Amino acid sequence: MQRHAIVLAAGKGTRMKSKKYKVLHDVAGKTMIEHVADNVKQSGIDQLVTIVGHGADSVKETLGDTSLYSFQEEQLGTAHAVKMASEHLSESQGTTLVVCGDTPLITTATLKSLVEHHENNQAHATVLSATAENPFGYGRILRDSEGRLVSIVEQKDATDAEQQINEISSGIFAFDNQVLFEKLELVKNDNAQSEYYLPDVLSLILEDRGIVEVFHTNDFEEIMGVNDRVMLSEAEKAFRKRINEQHMKNGVTIIDPVTTYIGADVRIGEDTVVEPGVKLSGNSVIGEDTVIGQHTEITNSKIGSNVTIKQSVINEAIVDDYATIGPFAQLRPGADLGKKVKVGNFVEVKKSVVKAGAKLPHLSYIGDAEIGERTNVGCGSITVNYDGINKFKTVIGDDSFIGCNTNLVAPITLGNRSFIAAGSTITDNVPEDSLALARARQTTKEGYLKK
């Protein structure tokens, strides 16, 4: 049986009070629409259609060709939004899942279970429900004396008694596709908001003695919609808690989960320790037995095993096993550190390969460079890589020693076992096994201040 999905993402989100389209706000390092689309696709969907309106181009740019798109010019309600997908799905057979684009906490497992329940019961429609402590704003699930669904009533149309019901509609549904588009033609806007409600499709199915099921989730957080900045913060908090708990169950020690921010796509190996105030984001991969020190930020980077990082910023970099980083080091895009490399305090590395065993202990800038194995770069040493127009490369061979306060003016190559005297400004290549000294001879005038 074919499975389709429609993601509703046409609302402007005025309560967010933002120039940014609502579903493009981030939760746990990814936009809400990406979270929803990823989980929908992973639930076994063959075809995804996203309904766009305000900010359509931005949504298309975010999801790319992973989805088809239908445009809703006027926002006339959820049934009207779903109807826009008829250009892609009206002739299709099978099951169609309808999900709101502002529900980033919905899981693949719940969506799979919803669809399976729907298909196993040969239902024409199934609604995902939950129990809310505060159901205000949600449609209420109305059942008869035998517990069967009677209808879903929206907040503004509910009586006082109906508003006391705490079983709510999530706004997530599974439908028989042909029945869905047949009934959408019959939906009217006779309600307080003069909108075309998708839940009215369920009432129309029931009128024809069709089968409508309710699938209940015990986790209200999953179906929580995000309509303003407060709810965005709540979603972030819930997502962070979920992510951190999963890592801890997988063998990662997180000292203070409340202050630890780990993105949804980050992977961490067993017995790694994450200290308070750490932020790990993007597609970062952390190995085993590594210590990520407090207030470290790692983005889209690969960190090996048995690495120690103290209070540093690492972005789009690679760090091999047994390396030590920081405190207060910065690895910028293109930094590639080999095994047992040391990058100390106030060292910045950009677009450079630092080979195994090399040491950059403190106060250095290494840019557009290649540092050989076991080479030591002294305090205050700089690769002078930019002439105001172009960047140039510095190459330092293996087992070399760069004295303190040295300037290496690129393009330049220092051979293996080079020895550069402290305080030198080196502008010419240095052959291997050579000493280079480029500084003025010291002049001392004794008794000068007594004159």
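Placed from the backbone N, Cα and C atoms, the Cβ positions cover glycine too.
Features of the protein shown, as given by Swiss-Prot:
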type	residues	note
ACT_SITE	His362	active site, proton acceptor
BINDING	8-11, Lys22, Gln72, 77-78, Gly139, Glu154, Asn227, Arg332, Lys350, Tyr365, Asn376	UDP-N-acetyl-alpha-D-glucosamine binding site
BINDING	Asp102, Asn227	Mg(2+) binding site
BINDING	Asn385, Tyr386, Ala422, Arg439	acetyl-CoA binding site
REGION	1-229	region 'Pyrophosphorylase'
REGION	230-250	region 'Linker'
REGION	251-451	region 'N-acetyltransferase'
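With a cut-off of 8 Å between Cβ atoms, the residues of this chain six or more beyond the region 'Linker' (230-250) that come close are 16, 25, 27-28, 32, 104-105, 221, 224, 257, 260-264, 266, 268, 270, 274. When secondary structure is read from DSSP and collapsed to three states, Lys22 (UDP-N-acetyl-alpha-D-glucosamine binding site) falls in the helix class. Per DSSP, the secondary structure of the region 'Linker' (230-250) breaks down as 20 helix, 0 strand, 1 coil. Gly77 (UDP-N-acetyl-alpha-D-glucosamine binding site) sits 15 Å from Asp102 (Mg(2+) binding site), counting Cα to Cα.
Tyr386 (acetyl-CoA binding site) and Asp102 (Mg(2+) binding site) have their C-alpha atoms 46 Å apart, to the nearest angstrom. The shortest Cα-Cα distance between Asn385 (acetyl-CoA binding site) and any of the recorded positions Leu8, Lys22, Asp102, Lys350, His362 is the one to Lys350. Taking the C-alpha positions, the distance from Asn227 (UDP-N-acetyl-alpha-D-glucosamine binding site) to Ala422 (acetyl-CoA binding site) comes to 60 Å. Cβ neighbours within 10 Å of Arg439 (acetyl-CoA binding site), excluding its own Cβ and spanning all shown chains: 13. The number of other Cβ atoms within 10 Å of the Cβ belonging to Asp102 (Mg(2+) binding site), over all protein chains shown, comes to 27. Maximum intra-site Cα distance, acetyl-CoA binding residues Asn385, Tyr386, Ala422, Arg439: 22 Å.
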